[in-house]
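Trainee: Okay, handing you the structure first.
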Amino acid sequence: MAFPVPTSRDSYIVDFLPHASMDTVHHMLLFGCQTPISTSSYWDCGSVQGTCEDESSIMYAWARNAPPTKLPNDVGFKVGRNSGMSFFVLQIHYGDVNAFRDHHRDCSGLTLRMTLKPQPFIAGIYLLMSVDTVILPGKKVTNADVACDYDSYPIYPFAFRTHTHRLGKVVSGYRIRDGKWSLIGRQSPQLPQAFYPANKEVTVRYGDTMAARCVFTGEGRTSKTYIGGTSNDEMCNFYMMYYMESKHAIPFMSCMEPGSKELFRHIPDEANVPIAVSPGHMHSMMPVGNTADDQHLLKTTKAEPGLDLDYHLEQVSTWPQSSLQLGQVSGLALDSDSNLVIFHRGDHRWGTDSFNSQARYQQRSLGPIQQSTILVVAPANGRILKASGRNMFYLPHGITADKDNNYWVTDVALHQVLKVSSDGRDRTLLVLGEAFTPGSDINHFCQPTDVAVDPETGNIFVSDGYCNARILKFSADGTYLSQWGAGSSDRRRRTPFRIPHSLVLLPDRKEVCVADRENGRIQCFMAETGEFVKEIKNEEFGGEVFAITYSPAGDGLIFAVNGDSPYHSAPLRGFVLDYSTKQILDSFSPTQKEFKMPHDIIVSKDGSVFVGDAGSKAVYKFTAEKLHRSVKKAGIEVQELEEVEAFVQAKLKPPPNVLKTAAIKEKQTVAEKTPPVVEAEPRTSTPKSNKVDSVLPAIVVSLLLILLLVIVFIGVFMCWRKNQRNEMKIEPRSVGGVLGKIR
């Protein structure tokens with residue numbers, strides 16, 4: 001379906017928000033062009049050759065089980081007047097038509113977040129494509145090589161996508177400079193064909209060579225396979241999404257030259273190694289029927305109660321409804337009743353003189369904290385339900401609750417892990433470690449930071465800590481089982497933990513993850529064996545990750561907070577990450593005041609997120625606010641917030657055998673905010689309201705100018721009177737004297 005760009009002015013797409021059900025839609029593609037094949041209703045992309053009459057540029061893709069494409073800051077796709085793109089073309093592919101047999105109507109589509117503000121960098125697509133490859137039947141390996149010299153201004157790759165049909169095994173893209181091959185991206189084309197993050201260390205400049213290789217197999221075929229548009233043909237495409245300075249912007253570049261054998265004799269071996277794909281992924285990616293266009297994809301998430309990734313986390317400014325009177329907040333947990341448990345330090349502080357060089361606590365004379373260090377509060381309003389933990393702790397740190405509602409806590413001054421009852425009687429049920437005695441053997445800790453409890457086995461995991469670099473595993477009764485250090489996929493470059501600061505158990509995956517604070521990374525291990533699974537690291541963390549928690553929603557979400565780093569500059573905030581893809585899905589921070597030292601984070605079953613801040617001695621609550629969108633009507637909806645938001649949507653109603661028509665409407669509404677001065681389109685449908693909207697601001701501005709003139713006149717008059725009384729040497733009628741005093 002074709003949709004006109006909803007403004008005649010130059011505008012910039014800065015974000016894409018997919019709206020699709022994976023039960024209905026297999027994948028969606030968004031193209032931009034000047035002249036689409038049709039501008040009325042919709043057309044079958046399998047029966048009409050092409051998408052646009054002129055050259056189309058692919059801008060976005062959504063697919064099941066694939067990560068979302070996020071544009072970097074200050075980067076946008078230019079559309080509108082001078083861009084050569086006056087139409088969007090939305091292409092939707094359906095894997096199974098059974099959903100339409102009950103007269104189902106599909107409202108899948110995309111929200112395009114747009115702004116009129118010129119962006120410093122413009123996004124574009126570089127396509128490397130083979131056009132003459134022939135795959136012989138039965139031949140185990142056929143390589144399709146493409147290479148071109150780059151002769152334009154510098155570009156900065158940030159995402160890539162691979163595409164073949166059934167026979168493709170792996171597709172790799174490279175930049176070649178001075179004979180050295182640098183990988184831009186490598187992926188199996190049988191996995192969801194979305195845009196994946198590119199190697200950010202690679203830039204492309206004049207004189208470089210762009211190269212790509214597709215590896216095919218002809219096994220199972222009885223005749224030659226050629227490059228073509230149907231599912232029985234093959235394709236070899238490597239898409240690279242890049243940005244470049246706006247003054248040099250080129251929205252689309254391509255390369256179709258076959259690479260020389262001499263050049264590709266030096267291609268890295270990795271380009272020839274197929275990537276294993278599970279049968280489930282293979283089945284889901286099989287093309288259905290004949291299609292004349294390339295396909296591509298993006299991400300959706302399984303619906304979970306209370307947590308929807310079409311939401312953005314915003315602070316609940318009215319929470320808590322009354323002051324909690326907290327000290328440094330060190331830990332947060334949820335008990336089995338879904339109440340929030342806060343662990344804080346009362347009137348004790350961790351300062352530079354709290355420990356000596358041997359990590360021994362120097363302020364024992366202060367005695368234990370006399371206030372209640374453990375507060376149980378209602379997550380809805382912050383009302384205190386229960387208080388405990390008096391005269392027990394010196395410097396609290398981490399806390400978690402087991403299925404029996406016992407608290408497992410760490411105290412960095414005591415160098416101990418304690419199991420404490422939650423019945424208000426402050427009973428210590430189990431103690432690990434020797435009080436005030438740091439150590440690194442199996443009977444001692446050195447400033448342990450956090451505890452995670454396996455709800456099935458009762459085993460506990462301890463991150464240890466500020467002066468050790470390990471994770472220890474104990475049975476439910478405190479028997480030592482094992483320990484391990486940091487993991488790495490490359491054993492030759494294993495970087496030890498630098499303050500393993502926060503732990504979380506992933507029950508559905510049977511893994512335990514740790515926030516390796518000073519290394520600015522998250523590492524995950526098998527809970528049973530301690531075997532390293534994966535590492536998550538992102539430059540947006542700013543070099544430090546203080547705390548993490550987990551939700552099984554979708555394919556698994558990790559929530560994290562970062563911290564101040566002496567080596568990096570990044571704002572303090574929270575993050576929502578897709579566990580599988582490692583991509584940041586959302587970031588959040590308080591709206592009324594900034595984080596000072598976000599120290600722990602927890603997510604409730606309804607999707608509410610709580611962050612404990614040791615610096616501001618507060619706990620913040622964040623809930624998911626629905627993004628502005630509508631799926632009730634088809635077409636383009638412009639919502640004038642600080643940006644223009646275009647809603648591109650298909651609405652298909654199937655008659656008995658064929659999907660025939662689709663409504664395309666254009667609707668413009670006024671957001672519930674003060675409109676921006678620069679408008680993308682007329683915001684209302686009647687001349688009367690336009691007149692009111694234009695006259696009212698003029699009246700307000702006029703009144704403000706009159707008020708300003710009155711204030712200036714009064715100021716001049718007062719200065720003149722003062723000069724007349726106190727400084728008789730200055731001539732009262734002297735303009736220079738009066739203005740001098742004003743200055």
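Cβ coordinates come from backbone N, Cα and C, glycine included.
According to TrEMBL, the record shows the following:
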DOMAIN    4-98  domain 'Copper type II ascorbate-dependent monooxygenase N-terminal'
DOMAIN    122-266  domain 'Copper type II ascorbate-dependent monooxygenase C-terminal'
REPEAT    388-423  repeat 'NHL'
REPEAT    437-477  repeat 'NHL'
REPEAT    496-528  repeat 'NHL'
REPEAT    582-625  repeat 'NHL'
TRANSMEM  695-720  transmembrane segment
Trainee: Can you count helix, strand and coil residues in the repeat 'NHL' (437-477) using DSSP?
Mentor: 0 helix, 16 strand, 25 coil
Trainee: Count the residues of the domain 'Copper type II ascorbate-dependent monooxygenase C-terminal' (122-266) that DSSP assigns to helix (H, G, I), to strand (E, B) and to coil, and report the three numbers in that order.
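Mentor: Secondary-structure composition of the domain 'Copper type II ascorbate-dependent monooxygenase C-terminal' (122-266): 7 helix, 76 strand, 62 coil.
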Trainee: Per DSSP, how many helix, strand and coil residues does the domain 'Copper type II ascorbate-dependent monooxygenase N-terminal' (4-98) have?
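Mentor: Its residues divide into 2 helix, 40 strand, 53 coil.
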Trainee: Just to be sure I understand, if DSSP states are collapsed into helix, strand and coil, how many residues of the repeat 'NHL' (496-528) fall in each?
Mentor: 3 helix, 19 strand, 11 coil
Trainee: Using DSSP, what is the helix/strand/coil residue split across the repeat 'NHL' (582-625)?
Mentor: 0 helix, 24 strand, 20 coil
Trainee: Sort the residues of the repeat 'NHL' (388-423) into helix, strand and coil with DSSP and give the three counts.
Mentor: 0 helix, 17 strand, 19 coil
